[in-house]
Amino acid sequence: MRGKATKALAMPHNATFPRNCCDLDREDLRDPDAPRAAWLVTALSSVLIFTTVVDIIGSLLVIISVLKNRKLRNSGNAFVVSLALADLVVALYPYPLVLVAIFKNEWAMGEMHCKVSGFVMGLSVIGSIFNITGIAINRYCYICHSFVYDKLFSLWNTILYVCLIWTLTVVATVPNFFVGSLEYDPRIYSCTFVQTVSSSYTITVVVIHFIVPITVVTFCYLRIWILVIQVRRKVKSEIKPRMKQSDFRNFLTMFVVFVIFAFCWAPLNVIGLAVSISPTEVAPKIPEWLFVLSYFMAYFNSCLNAIIYGLLNQNFRKEYKRILMSLWMPRLFFQDISRGGTECPKSKPSPALNNNDQVKTDTV
């Protein structure tokens, strides 16, 4: 979800974006042409540069790891690759433009780039939450309804689900062009979603793009945690499958991805919901530092998923090392591809992020 715009945007030929109606009443609003403190510009640009570099490297490592390693090529990881693409696209286009705006203290790339970059940011965040929802549903079906999992998440069904996710993402983002909610905000140096353009539209956006997916994901992971507790206490019913240690670690990895995403994006969505309920009263009371912090927390989230996989998943960690080592010895990389990936597993791989070289039979 994106923030609200403030004052006018300086454009070539004296063109400007329209002002936000609710910002006209704010006397304490920062002059968009006034320079910011050097330490703040340095901090914001440093965070964004780090986020962009780690995002690009990490997302590429995730995608290459899944394509290159047979143990990671499964239906569950199709959503992981899709999530990595959602993270990657925002680092390749909008973030560099935001960096230019930070260094110039204005938007100098024209209105078209402003609208398109705001649209791409929308695709990234909505695509991320929809893919996280897909991962949660996949984990729920695999662990809690294993008897029908193979049918539900066959190769073609999984491809269809991923295509559906991105179709819904585009459909959910396109209305911003018709509502006129993509504008430049000098506080965050970004072309973004204007929360005060329409209260009803903003509430709809927050509910459909954040609250509903978070509710679905919470339900799925809550059901899985209940099963985990049952397994640990040895009071599970006979129809419940014995949960493998690797399955639990895989679930835990994706659960951490979800928790960190919710933590990074919750402040901005809470602000958006509060502003949309009472724009004239709430908007002037939100401190600029809190708004900026909530936005850059959301930006920072895009580089964290690949780090989480590397920290919590043994197979991803090993594949990262192989890929990075192959930069020094390119022949090693192409040898692995010619063999169809590294180390074909001895048993059927888990549809989730597979943590171990062999599937274990012990319970959680």
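Cβ coordinates come from backbone N, Cα and C, glycine included.
According to TrEMBL, the feature transmembrane segment maps to 37-64 (among others). Using a Cβ-Cβ cut-off under 8 Å and counting only residues 6 or more beyond its ends in the same chain, the transmembrane segment (37-64) has close neighbours at 80-81, 84-85, 87-88, 90-92, 95-96, 98-99, 102-103, 105, 189, 292, 296, 299-300, 302-303, 305-307, 309-310, 316, 319-320, 323-324.
Among the features that TrEMBL reports, domain 'G-protein coupled receptors family 1 profile' is placed at 58-309.
Feature annotation from TrEMBL assigns transmembrane segment to 76-96 (among others).
What TrEMBL lists as transmembrane segment is 116-137 (among others). Beyond the transmembrane segment (116-137), the same-chain residues lying 6 or more positions past its ends with a Cβ under 8 Å from any Cβ of the stretch are 1-2, 76, 79-80, 82-83, 85-87, 89-90, 93-94, 97-98, 109, 161-162, 165-166, 168-170, 172-173, 176-177, 182-183, 190-193, 209-210, 213-214, 216-217, 220-221, 254, 257-258, 261, 265, 298, 301-302.
Feature annotation from TrEMBL assigns transmembrane segment to 158-179 (among others).
Per TrEMBL, the feature transmembrane segment maps to 199-229 (among others).
The transmembrane segment annotation in TrEMBL covers 250-277 (among others).
Same-chain residues lying 6+ beyond the ends of the transmembrane segment (289-312) with a Cβ under 8 Å from its Cβ atoms: 3, 44, 47-48, 50-52, 54-55, 57-59, 61-62, 80, 83-84, 87, 90-91, 95, 124-125, 128, 187-188, 190, 192, 249, 252-253, 256-257, 260-261, 264-265, 267-268, 271, 320, 353, 355. According to TrEMBL, the feature transmembrane segment maps to 289-312 (among others).
As annotated by TrEMBL, region 'Disordered' applies to 342-364.
Same-chain residues lying 6+ beyond the ends of the transmembrane segment (76-96) with a Cβ under 8 Å from its Cβ atoms: 48, 51-52, 55-56, 58-60, 62-63, 66-67, 116-118, 120-121, 123-125, 127-128, 131-132, 134-135, 138-139, 142, 153, 158-159, 161-162, 165-166, 190-191, 250, 257, 299, 302-303, 305-306, 309, 350-353.
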